[in-house]
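As recorded in TrEMBL, the features of this protein are as follows:
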- 55-238: domain 'Major facilitator superfamily (MFS) profile' (DOMAIN)
- 77-104: transmembrane segment (TRANSMEM)
- 116-136: transmembrane segment (TRANSMEM)
- 142-163: transmembrane segment (TRANSMEM)
- 170-193: transmembrane segment (TRANSMEM)
- 205-227: transmembrane segment (TRANSMEM)
Amino acid sequence: RKDIFYSGSVVNLPEYQSQRSLAGYRQSVLSLPQYSTNRVNDVEKASPELCPCLTLPDSIKGVLASMLDYSLLKNPVFLFIGISNVFGMAGLYVPFVYLVECAIKEGSIEEQSASFLLSIIGITNTVGRVFCGWVADFPWVNSLLLNNISLMVTTVAVFYFPLCANYTQYIVTAVIFGLAISAYISLTSIILVDLLGLDKLTNAFGLLILFRGAAAIVGSPIAGMVYDATLSYKYPFF
């Protein structure tokens, strides 16, 4: 299915609106692998020593090829999305990794209370994702604008973490951060469809996850190196 990664309401998709029924829409977004007798003959002629589990079905190969088709990198819109997500994801996990130590050292907060800040972020993030998904289903809502506003609020919250003077400020900032960052994850597929179209969703989503994964791996270690060089948690958050 072309919409397998789409997290919004399909009712808002042009592909859905152009069909007369739900069944017609489902047929339009389905892509079934073609049966090939040559494929069967090749399997029958294969060496018996070769484990059958090492052979991937054509359907899985097709999905992987679609998700990792690098020709989409020639699209300037997707390239801009990918670069921005590299920087965004590199800093996303810094609060999750270093917030507790930052609150203990910079804010003189008890360890148990500081650890609870991560729970606050998780709870508010869950609520925020549901809320953002509900809001994004309205046709008049610009998902890209909502995402950009959320990222700006998130940036301010991350900058303010090392400046919190007491536990109450840490709690308020954690709530704001958890709510704001939820749009960055939950609206990803909706924004990709709005900018690139449903046909390119699988390819764009696969490459974007690749970018995000690479950035997430290096982001937190770089922040740790900054702390080792400055012995202060202010600069990694900045």
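Quick reminder: no glycine exception, Cβ is built from N, Cα and C everywhere.
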Long-range neighbours of the transmembrane segment (205-227), counting only residues six or more past its ends (CB under 8 A): 5, 66-70, 72-73, 78, 81-82, 85-94, 97-98, 188-189, 192, 233, 235-237
Outside the transmembrane segment (116-136), six or more residues from its ends: residues with CB under 8 Å to it: 7-8, 95-96, 99-100, 103, 143, 146, 150, 170-171, 174-175, 177-183, 185-187, 190
